[in-house]
Amino acid sequence: MSTHFDVIVVGAGSMGMAAGYYLAKQGVKTLLVDSFDPPHTNGSHHGDTRIIRHAYGEGREYVPFALRAQELWYELEKETHHKIFTQTGVLVYGPKGGSAFVSETMEAANIHSLEHELFEGKQLTDRWAGVEVPDNYEAIFEPNSGVLFSENCIQAYRELAEAHGATVLTYTPVEDFEVTEDLVTIKTAKGSYTANKLVVSMGAWNSKLLSKLDVEIPLQPYRQVVGFFECDEAKYSNNAHYPAFMVEVENGIYYGFPSFGGSGLKIGYHSYGQQIDPDTINREFGAYPEDEANLRKFLEQYMPGANGELKKGAVCMYTKTPDEHFVIDLHPKYSNVAIAAGFSGHGFKFSSVVGETLAQLATTGKTEHDISIFSLNRDALKKEAVK
């Protein structure tokens, strides 16, 4: 195996694997290095499914990025035998006038002329029999959004990257970096590898390893859980046209997915999580009583027909920045190093376009996408890390 490459990608999860594909597709000699064997269950993006929304409650600035991501997912599905996307639509709702997230989602849809429908109170329960909400709730339904099959996405990118000549080095943690303006060296237990350019997308491990590149970003990894629950398939399944959803209630934001082929309704509590070290995280669902209790609390009140037996649970990670916006930028000192970090629990849907962006940054030092909101130099990153 060669030890010198045009570009080395450290961290071959969703973002890194996508970057590897877009690099290799251009004929760039690419090495992807990962501590595990992606797709795997040790990072941030397993658990079968992820939502892709276009009208974006985290900020209308994300909409063009989301739309490009969707285009790339469609392209990926045409190039692979894996199922990538299902257009379930996405329903976002919460108390009228009491949810900044719902309000921003509606504003984003209006500003960017995205197809959508609005509902209030009983209109919502009339449309979807499985939803129970107070009369003062409002909702926006975005029919063109839906669900991505996360492991399939990563697997497809890996297969295509390798088909285009990329090398994937698994079970190889990076121990150290040496960087100059025209050469990058990564050091591992299997040896050292060099490249002209480096892409760093290490997920939760960014919080531990970026300092070796003389980059300090206030990143905090969190333990996050999802559960799959027995449900009334006639109400809550994809076959019954039940949508993916995000709901803001008194104690935070919940998100979930319809049952696919009897999988059960999947639900997560976005506002939950323990601060962790990615090397010592407890990966057992139910290790904390709140793992299941928080999910049941929501189901009992808002989706009682899905409050059945727990079929399975999964543990993954969020890595948050103080403002919960991403970091996608070039190294402040070395323009041959591109960094992707801090996706704060809402990044997977963008991994296609993040991969494209990283490939552009690595090969040309710039990107066609507006990534100013993701700058390393923004004020929020100069403050203390998330507590």
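Even glycines carry a Cβ here, placed using N, Cα and C.
Here's what Swiss-Prot has on this protein:
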type: BINDING; residues: 6-36; note: FAD binding site
type: MOD_RES; residues: Cys316; note: S-8alpha-FAD cysteine
| With every protein chain in view, how many other Cβ atoms are within 10 Å of the Cβ of Asp34 (FAD binding site)? | 26
| In Å, rounded, how far does the Cα of Thr30 (FAD binding site) sit from the Cα of Cys316 (S-8alpha-FAD cysteine)? | 28
| remark: In chain order, residues whose C-beta lies under 8 angstroms from the C-beta of Ala18 (FAD binding site), counting only those at least six residues away in the same chain, are Tyr157, Ser351, Ser352, Val354, Gly355, Glu356, Leu358
| task | May I ask for the distance between Val10 (FAD binding site) and the residue listed as 'S-8alpha-FAD cysteine', taken between their Cα atoms and rounded to an integer number of Å? | result | 20
| note | In the three-state DSSP scheme, Asp34 (FAD binding site) belongs to coil
| note | Filtered by Cβ under 8 Å and at least 6 apart in sequence, the residues in the chain of Tyr22 (FAD binding site) near it are Gly355, Glu356, Leu358, Ala359
| note | Whole-Å Cα distance, Asp34 (FAD binding site) to Cys316 (S-8alpha-FAD cysteine), is 17
| Using a 10 Å radius around each Cβ and counting other Cβ atoms from all shown chains, which of the binding-site residues Ser14, Gln26, Thr30 yields the largest count? | Ser14
